[in-house]
Amino acid sequence: MRLNGEISSGEEEEEEKQTGTTTFSSQKVVVGYALTSKKKKSFLQPSFTGLARNRGINFVAIDLNKPLPEQGPFDIILHKLSGEVWREIIEDYREKHPEVTVLDPPDAIQHLHNRQSMLQDVLDLNLSDCHGKVGVPRQLVITKEKDPSSIPYEVTKAGMKLPLVAKPLVVDGTAKSHELFLAYDEFSLSAVEPPLVLQEFVNHGGLLFKIYIVGETIKVVRRFSLPNISKRELSKVAGVFRFPRVSCAAASADDADLDPNIAEHPPRPLLERLARELRHRLGLHLFNIDMIREYGTKDVFYVIDINYFPGYGKMPGYEHVFTDFLLSLVESKCSNKKLAA
């Protein structure tokens with residue numbers, strides 16, 4: 001059985017050799033993982049696996065060529081593979097092995113694969129009493145059935161304001177699904193292939209806040225983003241422009257000399273409430289939120305994307321945060337067993 005983002009048996013054997021060393025903890029926690037090779041490299045860095053091993057955590061690669069129930073036993077399973085086959089495997093395992101913590105439930109993850117549904121939970125929130133306002137840019141969904149030539153008409157009919165950000169509707173883990181286009185006029189959108197989500201562009205000072213969630217822990221990292229667009233520029237420029245993934249590690253803004261009005265982090269009470277509500281509504285432990293502050297305001301924020309199991313390797317101090325989180329899951333489960341006994 002080979003799945004999207006498969007792990008080779010050689011990688012599995014090497015990982016088992018690396019995780020077979022003695023730990024300094026009396027209690028060992030076994031974390032099975034099913035990750036793409038790229039994800040494994042960025043997430044399971046030596047600094048992380050070494051710290052985790054010293055605190056009693058062993059990472060073991062799941063062999064995708066063998067039935068999952070025949071492997072383990074596991075305390076926790078970490079996974080991020082695409083495809084219906086894997087989804088069915090992990091869902092079946094989760095139902096039959098409730099003693100194992102699966103991060104995260106497949107159905108909950110699926111919710112974030114659609115950019116329309118992922119932001120609906122933010123729209124449903126009421127955070128008016130939390131030192132700020134959080135919303136979602138006005139958006140329009142263009143389904144696969146739509147003729148691209150009809151997009152300008154749909155935009156005009158919906159009363160969307162230019163410029164518009166166009167993103168693929170489906171997030172499937174590929175680089176293509178994270179591309180975005182910036183359209184200065186509605187007619188140029190005929191060149192972009194549906195299905196799409198069109199969002200009104202909100203000027204935000206060229207800065208984006210990546211809010212990493214690991215259980216109850218919140219970490220904020222600033223990233224450079226698309227610059228403000230003036231009315232003058234909008235009147236002179238036409239066309240649609242393609243951008244790669246905007247918020248990458250190389251575009252870190254944490255050490256830059258920025259205008260304090262732009263660079264100031266969102267209020268902590270607001271982030272804590274937002275993270276808590278989304279954890280509950282999404283049913284996820286591991287995700288990040290891409291948030292912007294409307295330029296010229298202090299407390300008006302927009303969520304523009306939510307990603308499952310993001311690139312935690314880019315989050316400062318992720319090794320300690322993740323190690324503490326994994327141990328807390330096991331400790332919580334042990335405590336619940338004692339209370340039930």
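In case you wondered, yes, glycine gets a Cβ from its N, Cα and C as well.
Under the heading 1D-myo-inositol 6-phosphate binding site, Swiss-Prot lists Lys38, Lys80, Gly173, His178, Lys210, Tyr212, Asn288, Asn307, Gly311, Lys314, citing similarity to another entry as support. Within 10 Å of the C-beta atom of Lys38 (1D-myo-inositol 6-phosphate binding site) sit 11 other C-beta atoms, taking all shown protein chains into account.
In the structure as shown, the Cβ atom of Arg115 (ATP binding site) sits within 10 Å of 22 other Cβ atoms. Residues annotated as ATP binding site in Swiss-Prot: Arg115, Lys167, His178, Gln199, Val202, Ser225, Ile304, Asp305, Asn307.
DSSP gives Asp290 (Mg(2+) 1 binding site) a strand state. According to Swiss-Prot, the feature Mg(2+) 1 binding site maps to Asp290, Asp305.
The region 'Disordered' feature in Swiss-Prot is assigned to 1-23.
Residues or ranges marked as region 'Catalytic specificity elements (CSE)' by Swiss-Prot: 233-259.
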Since the record lists Asn288, Asn307 as binding-site residues, which of them has the fewest other Cβ atoms within 10 Å of its Cβ?
-> Asn307
Residue among the binding-site residues Asp290, Asp305 whose Cβ has the most other Cβ atoms within 10 Å | Asp305
What's the CA to CA span in angstrom from Asp290 (Mg(2+) 1 binding site) over to Gly173 (1D-myo-inositol 6-phosphate binding site)?
-> 16
To the nearest whole angstrom, state the Cα distance for the pair Lys38 (1D-myo-inositol 6-phosphate binding site) and Arg115 (ATP binding site).
-> 23
Looking only at Cβ atoms, how many others are within 10 Å of the one on Ile304 (ATP binding site)?
-> 26
Using Cα coordinates, what distance in whole Å links Gly173 (1D-myo-inositol 6-phosphate binding site) and Arg115 (ATP binding site)?
-> 13
